[in-house]
Structures are given as structure tokens and as C-alpha cells.
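Taken straight from TrEMBL:
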| type | residues | note |
| --- | --- | --- |
| DOMAIN | 15-117 | domain 'Acyl-coenzyme A oxidase N-terminal' |
| DOMAIN | 119-229 | domain 'Acyl-CoA oxidase/dehydrogenase middle' |
| BINDING | T123, G162 | FAD binding site |
| DOMAIN | 261-422 | domain 'Acyl-CoA oxidase C-alpha1' |
| ACT_SITE | E407 | active site, proton acceptor |
| DOMAIN | 452-633 | domain 'Acyl-CoA oxidase C-terminal' |
Amino acid sequence: MNPDLKRERKGASFDATATRERFQKLVADEPVFANDDKYFLSRVQNYERVLQKVVRGIQMCIEHNITPEDAEYLFHFIGEEFMVALHWSMFIPTLQGQATNDQKLQWLPLAQTFQIIGCYAQTEMGHGSNVRGLETTATYDKATQEFVLHSPTLTSTKWWPGGLGKTSTHCVTHARLLVEGKDHGVATFIVQIRSTDDHAPMPGVTVGDIGPKFGYDTQDNGFLRFDHVRIPRDQMLMKYKQVSPEGVVTEAPKKLSKLSYGTMMYIRSRIVGGASSTLARACTIAVRYSAVRRQFSDADNEPEKQVLDYRMQQYRLLPLLATAYAFHFTGRYMRNIYDELMRNIQSDDVSALPEVHATSAGLKAVTTWMTADGIEECRKCCGGHGYSKFAGISDIYVNYVPACTYEGDNVVMCLQTARYLVKTARGAAKGEPLVGSVQCPAQKVADFLCPRTWVDAFALRARFCVFETVKKLDALKGRGLNDKQVWNEAQIDLVKMTKAHCYYTIVRNFANAVEKVEDKQLQAVLHKLCMLFALYQVQRDLGDFTCSGYLAQEQVPLLNEAVEVLLSELRKDAVPLVDSFDFSDHFLNSSLGRYNGDVYEHMYKWAQKEPLNQAPYATQPPGYEKYLKRLLNGEVLQEAIQNKMTKANL
């Protein structure tokens, strides 16, 4: 055990002792889940290895009586990006949410027992966020009571769906519903794309993997084209929109129309909580390494200082740690309001649908942006060693950063939330109190450390941004621009407004959660994290808080001092706080983030496993005889000189 980490844990101001989770032990004890050679595998090897882990994980769920809900934790701690992830997170939820009862009886048992494996094939090469622009067609043939699915253009090719490339046998796909020449918009269908006997593509189906990506190597993102593929009429998911045998289309009531995108709301609500876990992994690695790493000293006769003792390192890392905790509580809130909406829908109460849709979209954007940026900052906080694959952070980053674009591009998500906020603002009662009528009461540093003060501040800032944006929209409209032109011209303000609303939501939920904590020691440290998250965001967006009239210029030095006080007080709890995430060494798979702090030992040990250091390359690298030896013994230069002389004599 590294002595610095041991001392860090002894100095905690709260009890961070926790029993290793049952599932982490199951994973660590199962040889199939070993990942010690993960960083040296090719993409093909990685795919097969992860497929092996999927199969073993499914078996263990049966052997250990693990419920479907708990299976999520088991697979989470295996620590891979699974090619069947969308089967669980989107394919099955789409069937549950959009299929009729008869369709559920037909398809869900097959999906839940893995007799079929599905993916979610919505995105096309030419259209992603603009669902209305999808080009794939589903033409109803009344004579045969079939839909004919067709990809009429290159850009109509389904492109990017995870699990589509090599794994899935079926997909839920979206296509334009054409009945007797009339376009009825986008509808959802379940389609078999590969044989369940030999996995060959079905007739009329062209399907494959889209090739190398920035990351996500174990995920077989794919492409899919239909060439007049016929499917039975009952393979259109008809809970909200129906086509009768005679070709009569029944549209969903307007209030239920957005429920056809219920799967997207579900996955976005999960993404918010997932951001916490992902950022927490990067923070764990960076904080532990910063406690182990020593550089420079204050005097020649003193030991080198821990990197975590440098104030700038604290300022870079501790707000990210606070953010991971903030996202945890916001993720819990997001899941709760989504679950409540689903329960209310059973009673035909969809009144909360617009708010849940807007909130899930905005929080998806803000949390994924902040998490992606935070992971990269954690890497940089690890110095040069952070660039090594062994650090574990590069894999976290490349596997997470697509979250900023999948399940809705973040800018588009912000604009969806903005539309809701503008509509709400315009519907507000006349005589609403003017923003800027409340001012920050803080007169000393301690006054800045009250969560409710900043919940109010973020609420005021959010309202200020909304009303300022509405004023701009009205001004643009007054210049004669049409609605689409107005919306385009105001996009910067609209995105900023959405971010302000989301920050308020996050701060509010963090503060609410802290108030409910009964353990006083734990509540005290969570209170500091909550305040650090809030005040750090105020520093970053200082202009909004001063322009809104809430914060006076002379209060800014007090704000800055309050942040430094929090950094000092949280410094001693930094390692225990990341320990509280309870990530196993197996799960982190990081030389820098080891629980015992044996950083350098693991770096050296893992380097010995590099294939270039193994036979037959232990002495001579690949290409030695053909290239390197000839360069070293002068043959290459002699050959060049001879070639030059030959050309000169021609």
C-alpha cells in the first residue's frame, strides 16, 4: 500500500468504509472477465472477447438468480462496451413502450431470452437528429397486407446503430409510412435482418459494420439497406399509430404523439445518471494518482510535494469530483420523473410529458458535454502518464465522447429544451416579477456557503436568461424575419438559456439531496461539494450573475475566496470521496488509479506485456531485417547514392 494513499484515507472527515459490492466480487472472481491484456488486443480479438463475456454474464445471471434489474449492475462492473447494450436499453424498451399487447406477447419473450437480439436502427447516413427527414420508406401493400421497406437513396442507409454491424438478428427501425401515395410521417417497425439459423442477411437486406471509429472498438456500429423487403402488417408497432388491413391509418391523439419517442426519453434519462459514473471513474484515477505523484518541494531539504497539494491541481480536479456527485443526484431525479410519467400515462395523464421531454433533452446535453470535458481534464491532470493507455482514461474518453452526439446531438437537444422554455415563458401570467429584483445578501465568505442562497441565484439567472432570450426573439421578429429565421438567429442565446436552466436543475437537486442526508458527517462533506459545484459554475458564468443584478462586482472577491476555502477543506477528503464510488481495480483497469497506489510497479509490469516486447520481437522489431538493419549498416544510403548517380548518367 502506497503510504501517501494510506495517510489520505486516515485523514477523512467522514466514514468512507464500504463493503465491496457483490457484483464486483462476482466479476473479479470470474476468469472470463479478466482484462489484463485488454489494451493489447486487436479489434477482432476484442469483439470476440467481449462476446464471450456477454455469454458468460448471461449464464451467471441464471446461475446466481440475478434479476434483470440487478443484471445491469453486473454488466456495468464487467467494464466493457457491449454489442448487445442497445438490445437491453433500446430494443426491448421500444417493444415495451410502442408495441400492442399482442405484439408484446409475440416478441418480448424471444428478446428477453436472447432467441433474438435487436438494435435500434433510426439514424441514417443523411439524417440523424432530424427524424422527420428520414428517407427510408415503408409502403403498405393492401393486396398482401404487407409493408415494403426500401432504402431509395444512398443517404437513406441506416448508419451508426450499435449492435447492427455483426451481432443483431432483428432491429426496430424507423421509416416513412406511405399508404396509397400519402406520406403519414415516420412509423416504427420490427424487422428481421439476419437468419437465426446461420446469421446470414435476410433476402433484400444489406448489412455490415461501418469500420474503424474514434473509440468504441467493441461496439459493432453498422449500416443497413433495404431493397424492397416485405414484412407482415403486424410488424409495424401499433400502440400509438395503426394501419388497418384495408389501409386506413389511425394517428395517435396529439397529446400522445411524443410518446412514440418514449425510448429516446428513456435512454436520455439514463444518460444523465451514467454521466456521473463515467466522470467518477476518471476522477478516481486522477485524484488517486495526484495523491501518489510527487513533484518539486518548497525547500531543498524537504520531500517533494504531492501533486494534489498544489492549489491549481485542486482547482482543476475537485470541482469535477463535485460534478460527479451532482450528476448522481440529478440522475436519480431524472429517473424518478421519467418513471412517474410512465405510471401516470397508464391513467391517461400525460400532463408532465412536455416537461420531462424538455428536461431529459437539456440535461442529456449539459451532462454529457461537462463529462466529456471533465474526462479530458482528468487526463491532463495526470501529466504525461495520463496519455498512456495503461492510465485507463483514454479508453473512458473515447468510449464516452460519442454521448455528445448519439441519442440526439447536444445542440439540437438544447434547442428542443429552449422551445419548451420559451413557450412556458410566453404562457406565464402577466405581472411576473422582474428578474434582477433580488440581490445576493452575502457580506462575508461564510455567507456564500449557504446552498439555498445559490439555488435561488441559479433560479434567478435561469429566469433572466429566458426573458432576455424572449426579448431577443421578439426583436428579431419585429425586423420582419419569419419564425425559422428568428430561431436560427437566436440559437446562441437559446443554447445559453437551456444551459442556465439545466444548471439550476442540477444545483437544486444537489441541494435537496444534501438536506435529506441523515449522517451529519457525510452531510457536511456533501454540503461542501454542493457549494463547490455551485460557486465554480458561478465563476465560469460570472457575467450572467452580475448582469442579472444578483451579484455585485464588489462581491466577486468574496466569491473567489469562498471557492478557495472549499478547495482547502475538501483537499483532505479527496481520496476518501473517490473511494466512496467503490470502483474495483478490475473495473478501473488503470495503472494510475490503483487502490493500493502501486502506480509505477503496475506501469512497468504492464509494459512487459506489450507484444513488441515479446518473442519474436523481443530483440529485433518487425521489419528489422528488411528495413532497420539496412538503414543502420548504411545499405539504404548507399542505395540512394547509387540511384542518384544512375539517374545523373542517363
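Every residue gets a Cβ built from N, Cα and C, even glycine.
Where TrEMBL records a feature, it is marked here on the structure.
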| residue | record | contacts (Cβ under 8 Å, 6+ apart) |
| --- | --- | --- |
| T123 | FAD binding site | K158, W159, W160, P161 |
| G162 | FAD binding site | M83, A85, L86, C119, Y120, Y216, Q219, D220, N221, G222 |
| E407 | active site, proton acceptor | M264, I267, R268, I271, K364 |
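Residue counts for the domain 'Acyl-coenzyme A oxidase N-terminal' (15-117) by DSSP state, with H, G and I taken as helix and E and B as strand, are 72 helix, 0 strand, 31 coil. The helix, strand and coil residue counts that DSSP assigns across the domain 'Acyl-CoA oxidase/dehydrogenase middle' (119-229) are 6 helix, 50 strand, 55 coil.
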